[in-house]
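*Asks:* When I checked TrEMBL for this same protein, it listed these features:
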{"type": "DOMAIN", "residues": "118-186", "note": "domain 'Polysaccharide export protein N-terminal'"}
{"type": "DOMAIN", "residues": "198-275", "note": "domain 'SLBB'"}
{"type": "DOMAIN", "residues": "284-334", "note": "domain 'Soluble ligand binding'"}
{"type": "DOMAIN", "residues": "546-590", "note": "domain 'Soluble ligand binding'"}
{"type": "DOMAIN", "residues": "632-670", "note": "domain 'Soluble ligand binding'"}
{"type": "SIGNAL", "residues": "1-20", "note": "signal peptide"}
Amino acid sequence: MLFRRIFALIVLSYSVCSLAFTPSAEQIEQFKKLPKAQQEALAKQYGIDLSSLDLETDDSELSTQSNQKTVLPRNEKTDELVSEEERLKPVVEELKPFGYELFAGEPTTFMPTEKVSVPSDYIIGLGDRLLVTLYGKESASYELEVDNEGRLTIPKFSPVQVAGLTYAEVKKLVKMKVEKEAIGIQAFVAIGKLQTMRILVVGEAYKPGSYALSPLSTVTHAIFSSGGLSDIASLRNIQVKRRGKVVTELDLYDLLLKGDSSNDINLQSGDVVFIPSVGPQLKVEGLVKRPGIFELKEDDTVEDLINMFGGFDENAYLSKVQVTRIHKGEKSVAVSVDFTAPELSYQPQGGDHLKVQKVNSIVQNSVTLIGAVARPGNYQWYDGFTLRALINDVKSDLLPQADLSYGLVVREKSKLGNIEVIQFSISDIILNDDLTLQQGDKIYVFSRFEEESDEALALRDMALTVEQKKLQEKVKLWHEYEYKQFEDKVTSLDETFPDLTSFEIPEELVEEEEVEYAMFSRHTLLEPILEQIQYQASNDEPLAVYEIKGEVKYPGIYPLNADASLSDALSAAGGLLESAHETRAGVTRFAEQVGLDYIDVNLTSERHSFALQSKDTLHILKKPNWLNTYTVHLEGEVKFPGTYTVKRGETLQNLLVRAGGLTEYAQASAAIFTRESIRELEKAQFKKLSQELRKEIAAMSFQKSVGVNTSMSYTDMNSLLKDLSRIRAVGRLVIDLQNIKQGKENLILQDGDKLIVPGKQDSVSIIGEVNYASSHLFKPNLDINDYLALSGGTKARADEDRIYVIKSNGAVFVPQSSGWFAVNSQNKLSPGDTIVVPLDSSHMDNLTLWSTTTQILYQAGVALAAISSL
């Protein structure tokens, strides 16, 4: 009824001129959506020419309509409907019944499917439309329908009986009829529109029901149109019934596996396609071409089954295919089937579960080459096969970083997989000795570098051409330029956003950088070997490892080979360092009676004769007084400043004499002497103080949370912690350089010591709780009180009872308070001194560490300022 109203409205707009109005685009579009048959019927009823309604549709629209599918993929979801959980959830592959997915679909209509070409043997039936074109003496075109009597009536010609004839016969008959009854006229016949037929699909179809199909449809077309098969449908016994009798049985496995469609017959109107439920099934999984669940027939053989799953994968283990079978409906039993046997006794049964496993990945009849070699991998083994057959040329068989003095052969010594190691030297193998290999041996060739950075640097510098070296220099300069740009950018950010860098990570939280070992280093390749040796150790088999410490290139734990000597251990560890003692070494050995026993060994006379034992520790000693020299730095007002090498026990007085003494501008009383050991001690003290300060601040924060009033703000606390985290340990040792020069005091130098002698100074600095922290020209007649007055006096929160002075040499003294700060021998100031006015700790909520912290900050700050001013 809605369609009629729409059409009537459109007709009215075109027929009544006085009341004419233009129909909207929406109304035209609604009419366009009507089926063509309905459009024609309505137009005929109202006597309207459809061409006047401008119902043409562009090619793209026609293409879209013609390509619309009547069957869509089943259970398909668009991206918008797929949830995040479904998108991210891991997909577990499950065995699926074979063949079902091919026919799985969702029918969208019960109308006929897409147009198909008509074969010449098509039988013309009632209702079919034929296009007859006459040309020659007269021209005309007709779309004619075969009437209920099976006749085709061409205007001006006598009717022709066509029902039951083939398409080819009808074309020939009509052509002869026209030529016979009209001279000079010929006819051309084509199929116009075929009459649909009604087919019933029942049983285990996805959507069983009655479907209007093309008269050219086959059984598979009917299955597709019904959406495919249900989960329990049979693919192997689909029946077509015509007038109550079975006319064919279709086995879809013949179509899917062999391409045989001989039983996929053309259907006729009224046919019934019956899909029974599935028969016996078995599962096949593992290394086969087509894993899945397959339906069996009674006469299926093992060859038929192999054809179903497509055969075995190349890596399948066929000697013992595991079959789980249901025995008499009571229990599951295991059956092993040898698919390599010439005659197979296995007969597939419903409920069987075949699992095809992979062959063992261990390559038989081979040896394996591992490590710093040009061509690693498995090599065929044969009787008499030697190591020299694998490695006989250093340049062609090895990588440049290969260690020629140490290699291992790992060999299984029992069926349980226990291993033993055989040590060899590639140099000896190539030049003198050789080693006969056994089947399954693994040959390890190590790198002569342990750390990846060392190996990369050495390889990068090897055999570079002039052009390559120039390119390397350019790359280096470019990296330096990029780093400079990065540093400038960071500096700019620091200036723009100072708060970004105000927080510093506590030193105890900074992790040490992990060492990156080379790919073929001893550490990397020996780890699994040592783990296996440790695993197999027992009362009957002692742990076959030893450790080497001291002056060798690669100290560590190594596997113990049979009859291992000191020479073997030294080769394993990369050889002796230059600092190693030539003859003396020691071995720590576990003895059952006495526990640990220490044995002195001679590296010269016992190098090859002393045999190492399980869990031995070999100590390689250093030469006495080896490089027993220190480096000391002299800076500032020294006649010959620089870095000096001094012997152990040398004094600072001796070094100053060697350096030419001090210049005439030096201020010896302000000399700064730093020592590494003291700096490390200061770092530890700073760390401890920071931890204690955090505890006190936390306690104070708790007091504030329970209602106790505190005057110290969180900002003050945080600022103090930040200052303490930023401070850099100096390691300053207070000295009297003048007394040292004159020999009155003796200072023995240590490695890393530094002496900084500043020029003559003429100022006194005032810092801390004063109104204006500043420096003033030194005047002998002024005392501490005078300098405080020059800085505007002290602030309200200053602790005037604890004012102290940091002398130019780093010493600290608290002036006597008699007469306040009157000038006397104890209170006398010198050029370069710093007066410190601390904060009264009573203003800091009895924070006991406040005074200690601020004093450290002031002292370190004064020392750093003095150093940086040089």
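The backbone N, Cα and C atoms fix where each Cβ goes, and this holds for glycine too.
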*Asks:* Do any residues, 6 or more residues outside the domain 'Soluble ligand binding' (546-590), come within under 8 Å Cβ-to-Cβ of it, and if so which ones?
*Replies:* 403, 405-406, 408, 420-423, 425, 448, 450, 522-523, 526, 529-530, 533, 596-604, 606-624, 626-627
*Asks:* I'd like the per-state residue tally for the domain 'Soluble ligand binding' (546-590) from DSSP, helix first, then strand, then coil.
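*Replies:* Result for the domain 'Soluble ligand binding' (546-590), in helix, strand, coil order: 7 helix, 23 strand, 15 coil.
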*Asks:* Can you tell me how the residues of the domain 'Soluble ligand binding' (632-670) break down into helix, strand and coil by DSSP?
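*Replies:* Summed by class, the stretch gives 10 helix, 15 strand, 14 coil.
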*Asks:* Let me know the model's mean pLDDT on the domain 'Soluble ligand binding' (632-670).
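*Replies:* Mean pLDDT, the domain 'Soluble ligand binding' (632-670): 92.
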*Asks:* Please list, for the domain 'Soluble ligand binding' (284-334), how many residues fall into helix, strand and coil according to DSSP.
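*Replies:* For the domain 'Soluble ligand binding' (284-334), the helix, strand and coil counts are 7 helix, 21 strand, 23 coil.
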*Asks:* Looking only at the domain 'Polysaccharide export protein N-terminal' (118-186), what are its DSSP counts of helix, strand and coil residues?
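*Replies:* Its residues divide into 15 helix, 22 strand, 32 coil.
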